[in-house]
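Now, the feature entries from Swiss-Prot:
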- ARG20: site 'Transition state stabilizer' (SITE)
- LYS27: site 'Transition state stabilizer' (SITE)
- ARG161: site 'Positions MEP for the nucleophilic attack' (SITE)
- LYS217: site 'Positions MEP for the nucleophilic attack' (SITE)
Amino acid sequence: MTDFLPAFWAVIPAAGIGARMAADRPKQYLQLGGLTILEHSLLCFLDHPRLKGLVISLAVDDPYWAALPCAHDSRIQRVDGGRERSGSVLNALLHLHAQGASDDDWVLVHDAARPNLARSDLDNLLGQLADDPVGGLLAVPARDTLKRADSDGRVVETVDRSLIWQAFTPQMFRLGTLHRALADSLVSNVSITDEASAIEWAGQSPRLIEGRSDNIKVTRPEDLEWLRQRRSEFGR
């Protein structure tokens with residue numbers, strides 16, 4: 001049963017090119033088990049009964065999106081991406097406002113190249129944060145020993161990992177709160193790496209919700225190969 005979970009909007013920033021993949025197209029359009037990475041990233045949201053709608057931010061000259069079957073899904077709306085991730089997300093939020101979405105609506109921002117989001121993680125995030133005053137994100141506690149390096153690549157110190165988490169997506173915040181944080185950070189020329197960092201800069205503390213470690217982001221070729229080996233596990 002999902003009736004107790006809050007309704008939400010999804011935002012997918014997908015205007016990047018993923019240069020580290022060294023592929024012939026943006027990494028979100030590479031194939032994975034018969035679908036593109038992007039399609040896998042969208043499906044967990046499109047299959048959720050509490051989804052109010054989804055906004056995807058794409059490069060203005062994106063030649064691949066229109067060929068995907070999901071491009072014709074009436075629940076998906078396209079906007080132009082920005083120069084950086086934060087600009088792409090902000091454009092999507094502005095579009096939601098223009099469509100009449102409320103400042104109090106929940107928005108979940110998810111990486112276009114993170115195709116292995118488990119439905120159980122999505123439901124847990126929604127349930128845990130439904131009444132949270134700030135919002136939060138899926139994350140995983142650091143498992144490996146962490147080293148801080150100098151500019152020459154030599155170890156300076158070993159970092160205490162007991163309080164270190166690896167940030168994942170989705171990241172879930174109120175539309176108005178996230179909009180203001182992103183807009184203000186851009187005006188102030190602050191470097192924003194994800195939505196949670198914008199909320200932190202605005203003086204609030206997002207909540208960490210532990211998720212599955214296999215909700216990985218495809219960044220390098222070996223990430224895609226690992227996912228291809230596990231594609232039979234999709235749809236959990």
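Cβ atoms are placed via backbone N, Cα and C, with glycine included.
Cα separation, ARG20 (site 'Transition state stabilizer') to LYS27 (site 'Transition state stabilizer'), rounded: 9 Å. ARG20 (site 'Transition state stabilizer') has a Cβ environment of 12 other Cβ atoms inside 10 Å. LYS217 (site 'Positions MEP for the nucleophilic attack') sits 21 Å from ARG161 (site 'Positions MEP for the nucleophilic attack'), taking the C-alpha atoms as the reference points. Between the C-alpha atoms of ARG161 (site 'Positions MEP for the nucleophilic attack') and LYS27 (site 'Transition state stabilizer'), the distance comes to 31 Å. When Cβ atoms from all protein chains are considered, those within 10 Å of ARG161 (site 'Positions MEP for the nucleophilic attack') total 13, not counting its own. The 10 Å shell around the Cβ of LYS217 (site 'Positions MEP for the nucleophilic attack') contains 18 further Cβ atoms across the protein chains shown. Following the DSSP three-state reduction, the secondary structure of LYS27 (site 'Transition state stabilizer') is helix. There are 25 other Cβ atoms within 10 Å of the Cβ belonging to LYS27 (site 'Transition state stabilizer').
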